[in-house]
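The feature GTP binding site is assigned by Swiss-Prot to 146-153, 193-197, 265-268. Per Swiss-Prot, the feature domain 'Era-type G' maps to 138-316. According to Swiss-Prot, the domain 'KH type-2' annotation covers 347-423. Look at Swiss-Prot and you will find 146-153 tagged as region 'G1'. Swiss-Prot lists 172-176 with the feature region 'G2'. If you look up Swiss-Prot, you'll see 193-196 marked as region 'G3', on the strength of sequence analysis. Among the features that Swiss-Prot reports, region 'G4' is placed at 265-268.
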C-alpha cells in the first residue's frame, strides 16, 4: 500500500513543466495546450507551432493596468534581455555592453530630434499645412539612387519623417520603389527610394539581382531631381572603383530637364574632417551634377539644406498625394517594411534575401485596431528553422518589436500575425 500511495503522489509530477506556463505563453510564439485538449492533426500544426507569432499572446490588459493606478509604463531594455536568457536559454554575457550602446544611440537620436523640433519651431517659414488652392500648389518628384547600403532609405525616412523603406545594416534592404511624401506650405515633394545598384568591375550591372537593378536603372530619368548618394566613410576606408564608376555613369546619362545632386552620406562616421575636403575635391569637377551635399541620413546633418534646395526646385503643378491622410496602400507598405527591417536585424548571415515576404491579410476592426497577417516563405526547411529560432524565439522577437513600432507609427492597436512556411 505504501508503494501505491507513493506512486499516486509522484504521478502528477511527471507532467510538470520546467518553464513557467505563464512566461512561456507571454514570451513564446508557441500556443499552450492542456492534457484535456485533443492532439492536433498534421494540417493544424502549421497554426500551432513555434513558426507562428500572434501579437494577441503578448497583449497586456490595459483596463486592469489603469484600474490599478498605473499612470505610466516604463520599459527597460534589460527586461527583454533577461527574459531571452531565462526563457529561450540565450547567452546574455554581452547584454550590458549592448544596452549601453543602445542607450547611447537613443540619447543621441533624442537630442538630434529635439534640436530639429526646436529649429522647426524657430523657423518662421515652417507652418502647418492648410488648404492650398490647386492653382497655387507646387510639386517635385525626387529619385534617390546609389550603391547598395549607401543610406538611401535612412535619408528618405529622416526627411519625410515616416518610416517608408526598410532601414537595416544589411545590403540591398530596399527591394522595390517606395513613395515618401513631404508637404510644406504650398510645396509637396515626392521621394522615390530606388533599389540598390552596383556595377561589375567591367562597368556592367550585375545580373544576380536582376529585378532590383532593372527597377533602379529604368527609373533614372523619371524624376525632376535625381539624388545620387554614396557612403563617404566607406569610400575613405575601403575604396571601391565600382562606386565611382556608378556615379560617373549616372552623371553621363543625358537629360535636359532633370537636375542631379551628389550626396556624400554618413559624414558622421568620418573623424578627420580634412578627409571630407579631399573627397569633395575628388568629385568637384565631375560632369552631370548641379550640386554637392555632405549629409548624414541617420542623424540629419546637412538635410535641412538639402530639403531647402529641393523646395526651391518645385514647379507649379497640382499635388499628387493628400497631405492629411496616410493611404491604406502606404500603411500596408509601411507594415511590410517595418517587419522586414526587424527580419534583417535578427537574421544576420543567413539568406534573408531568399525569403519571400508577403502581406496575406489586412483588416481594420470595429474598434479601430488593425489586424495584419504576413507570411515568410523560405526555400528550405533549414532556413525556416533559422528564422523561427529556438522555441520560436527569433520570430517572436521580430514580431514583438515590429508590433511595438507599428503601434507607434499608426497610433492605434495592431494585431500582428507572422507565419513562417516552406515553399
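Quick reminder: no glycine exception, Cβ is built from N, Cα and C everywhere.
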Practice item. Sort out the residues at least 6 away from either end of the region 'G4' (265-268), same chain, that have Cβ-Cβ distances under 8 Å to it, and list them. Key: 150-151, 155, 229-234, 276, 294-299, 301-302
Point to revise | In three-state DSSP terms, the structure that residue 146 (GTP binding site) belongs to | key: strand
Study note, to complete from the structure: Here the 10 Å Cβ neighbour count for residue 149 (GTP binding site) comes out at 19
Review point. Over the region 'G4' (265-268), what is the model's average pLDDT?
Key: 93
Check your understanding: Of all the binding-site residues given, 146, 152, 267, which has the fewest Cβ neighbours within 10 Å once its own Cβ is left out?
Key -> 267
**Study point:** For the region 'G4' (265-268), the number of residues DSSP places in helix, strand and coil
**Key:** 2 helix, 1 strand, 1 coil
